[in-house]
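Copied over from TrEMBL, here are the features:
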DOMAIN    183-269  domain 'DUF6534'
TRANSMEM  30-52  transmembrane segment
TRANSMEM  64-81  transmembrane segment
TRANSMEM  101-123  transmembrane segment
TRANSMEM  135-157  transmembrane segment
TRANSMEM  177-199  transmembrane segment
TRANSMEM  211-238  transmembrane segment
TRANSMEM  244-265  transmembrane segment
Amino acid sequence: MSPAVEHVVAAATSAAPALIPHVVDKAGPIYLGILLNWALYGILVVQVYIYYSAFKTDQWSARILVGVLFILDTLQSILLAKDGFATFAAGFGDGHALNAIRIVWVSVPLISAIVSTLVQNFFAYRIYILSGKNYYIPALIVATSWTQGICSFLASLKAEQVELYSLLEEHAHLEIVIWHAGSAFCDVVIAVAMCYYLWKRDTGMKKTHIMIVRLITLTIETGTATATVALISLILFFAIPTQIYFITPSFLAAKLYANTVVLIFNNRAQIVQTRGQASHSTMSMDGVNIRQNVTGMSTNQLHFGTTSFNDGVQISKSVAVWEDNKGGDLEVTPAGPSFLKI
């Protein structure tokens, strides 16, 4: 190495900031949390675009819920990006910058409290309808949801007061524990109850069974994701209280809840069959339709439709009977719409 190069290297080394002790432990969780939060936000943007493009006739309450969740999660990602810039750019080389909470008390526990409570109460209403208006399990979900939401809100106030990540375990221990434990418990109860009541609605008919199984699978997958993130955050908080590893999954909670709702809205069952027939059936519980379509209707069709009312619930059924062009067999299938409308 030439003397000139050695001089440049020595000057750069002397000008470089001193190495921050345990910099990976301090910066890593924040960096990963912001990065993964924005990744989930990208997925949410696509899901919301699909929803508003494809389901323009959904109930106003569902459309407002999706809009509110999207606005809150957009605000969260913007605030986290602002904090990320302050930590890793403006505060580069400053060890105190990695410990400063800044406005994370708003973007994570406060917004997560609002989003999780909205989503969990939405599922409580779905379970209330599916169960035939049995209020015991929905009441448990609502009570647990509001408990964890309030504790998350209190944790945000404590975080705003202490201003440092290193002081959270000491000053907001109980609030953080109840927040994550309550979220996990509530999500598990929701998943189990949804699966149970959906399974009870299985009539044994092939098409209905396929739709029910798909809904149950989706419920388990989404419920497991949100509950797992809450449990991981809780375990890290207990296992390594001196580090801030637990904030990485905490950064993801609101995005997972929002994606869960929009994914369920978008995942209207699309089951395509062949043999040159067409059927169309729709099952709606709590105003969200699950629809199946098959193209290629054969001729010689007879349609039968019925509509009945029971305690404010409209039940409509349409059945098509037609002759198979190939074999001459008669086939009876739902021709749609077939739905429960609350």
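Using N, Cα and C of the backbone, Cβ positions are placed for all residues, glycine too.
Just so it is clear, the model here is predicted, and its values are computed rather than measured.
Residues 65, 68-69, 72-73, 75-76, 79-80, 82-83, 86-87, 141-142, 144-146, 148-150, 152-153, 155-157, 159-160, 162-165, 168, 179, 183, 186-187, 190, 194, 247, 250-251, 253-254, 257-258, 260-261 of the same chain lie 6+ residues outside the transmembrane segment (101-123) yet bring a C-beta within less than 8 angstroms of a C-beta in it.
Across the domain 'DUF6534' (183-269), DSSP classifies residues as 70 helix, 0 strand, 17 coil. Summarising model confidence by region, the domain 'DUF6534' (183-269) averages a pLDDT of 88.
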